[in-house]
Amino acid sequence: MHRQFLSSCCQNLFFKFKLLLFEVNQMQYVYIFIGGALGALLRYLISFLNTDGGFPIGTLIANLTGAFVMGLLTALTIAFFSNHPTLKKAITTGFLGALTTFSTFQLELIHMFDHQQFITLLLYAVTSYVFGILLCYVGIKLGGGLS
């Protein structure tokens with residue numbers, strides 16, 4: 001009984017994956033790839049602002065910029081991107097997905113903890129979360145005013 005259920009679930013997942021890969025606009029993958037490459041390149045360049053053992057300003061800038069732009073694009077979707085969903089995916093999933101980095105943020109927090117930089121850790125975590133939410137909200141409001 002469990003094998004039959006598992007087999008049915010796997011077939012269903014495979015069907016959905018096949019549908020996504022082959023029956024959806026395949027150009028969106030190209031646009032996401034290009035957006036991802038550009039976002040990764042910008043993320044790499046911004047990372048030079050980080051210093052060894054210092055405050056990770058590059059990661060903070062990348063993540064806060066990404067939060068603002070994601071909010072802005074979310075609000076602008078109805079007005080500007082409804083006819084261009086592929087472009088929206090290229091920017092959000094590709095560019096912003098590659099630009100922002102939650103995993104690096106977490107690793108930097110662990111590094112600060114290991115080096116007993118508790119004040120810096122607290123400042124970085126609170127700044128990232130509070131300003132990330134705030135900038136995303138500002139982006140949504142600004143985008144709503146533009147649309």
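A Cβ is built for glycine as well, from the same backbone N, Cα and C atoms used for every other residue.
Among the features that Swiss-Prot reports, Na(+) binding site is placed at GLY97, THR100, with the record citing sequence analysis. Taken from Swiss-Prot, the feature transmembrane segment applies to 29-49, 61-81, 90-110, 118-138.
The Cβ of GLY97 (Na(+) binding site) lies under 8 Å from the Cβ of GLY35, GLY36, GLY39, each of these being in the same chain and 6 or more residues away along the sequence. There are 21 other Cβ atoms within 10 Å of the Cβ belonging to THR100 (Na(+) binding site).
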